[in-house]
């Protein structure tokens, strides 16, 4: 690990980390693009493959489930083999699987390819946040994550528009084929621009992976198939079994002190715990709302996939414009104010939208709540990420980002599964007797894309009522925000600087030396920070040939031009270092 730190410490990536960030954003952009593209194409996939609603939901849920499970271990894999290597593997798997999705001739093959896609995405995504944690200092991380949020918003805008145009002009297969050239470009950029960061060995909790995967699959399967199976006892047994596996997983993580899949120490930070709850809530609400809104726009309003995508555009545009500014605000503000406002607007916007979802509603009246959703997204997505990662130590970056992203995907897959059950129940309650809309292969072209006039009103009512679920869940985000604590200066307050002797600098800057406490296992030694004078006495002990100094300002700004961070290696020191 010392060699890796020496190589990274002298690298220009820490002086200018932005090229590495933008290279990573290519893969992240493609993943976000793919999620929104498929949402727009669902009605067309149903019609052309002649499958029912319960089956087409698996095209989304299988991807989300396969996305969530490996992220728990992907962070650890990134720590072990390097974030760059895992990013390249994940992007390669995702690209090849996208080709398989486009070549699918039936629902089974498509769902299987989507599972492989999800695995690739699950390997890739945690590496983006862990790399940001490594290459950006805490006081600049908000801007970096604001850019991360902007990329997500742009993908949310481009995805539906590109997907709608591709579905209308070339067919739904091309929403997957388009990933192939983007993936190849992303692989080339990542190979040259992403730095090789420090890594260290890990033992992997494969038993924990199995428990978590089995638990989530059983819960999602029970929720999605419950309505079509009339909630028979075996469905409840499946759900209870899934809850049991999840409970056993939590118990195992508490007992497995050597190398748990989820290091429970990360939850000692209240903001990290509440941010995980918040990200699950907005992922649940955002994924859940896509289904009823898409079917309402195409089946009730008669919009094409392209026009449906344009309907979602204001959300992405507003979110993308506001994300960088919100990133700067969150660095200076209490997270309660930012996130409390964001979740409040989210609940109001979803309630507003469900009230407008009627057959005779003009399209311009639907645009206004979509603008409000964009404001809400800007004040929730990036601020949650900043709040979660602000106080993370670098050695926990991989595991913590894996947990955060896994929880986000878990919220998304539960949102998809719960909406499948709730939406199907509302359709059954509102549709006239004898009309089988969206639940069977017969007559899909008529019932999905061209609803008869006499069923448009009850179908619109069913879609509107389905929006009650994400609107209600958004309220829990407001509750979570109320318990956040201010992180302004929190890190300094928790770990005060050690006392220095008279040789210490008396200017505005404080210099730190990263050193190891002497232990038998060098791979698990914690990094400590001290002033050079305080650390000088320890340099006479055994240690490696490298001293790493990190200069930072006592006022919270680094020396030199604003925003610059100096991380240099002192390889000419005659005294051995304690690192």
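A Cβ is built for glycine as well, from the same backbone N, Cα and C atoms used for every other residue.
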Range annotated as transmembrane segment in TrEMBL, from 116-133, 206-223: 206-223
Residue list, the transmembrane segment (174-194) vs rest of chain: Cβ under 8 Å, 6 or more residues beyond ends. 19-20, 22-24, 26-27, 29-30, 33-34, 37-38, 41, 83-84, 87-88, 91-92, 94-95, 98-99, 101-102, 131, 162-163, 166-167
Averaged pLDDT score, the domain 'Major facilitator superfamily (MFS) profile' (20-489): 83
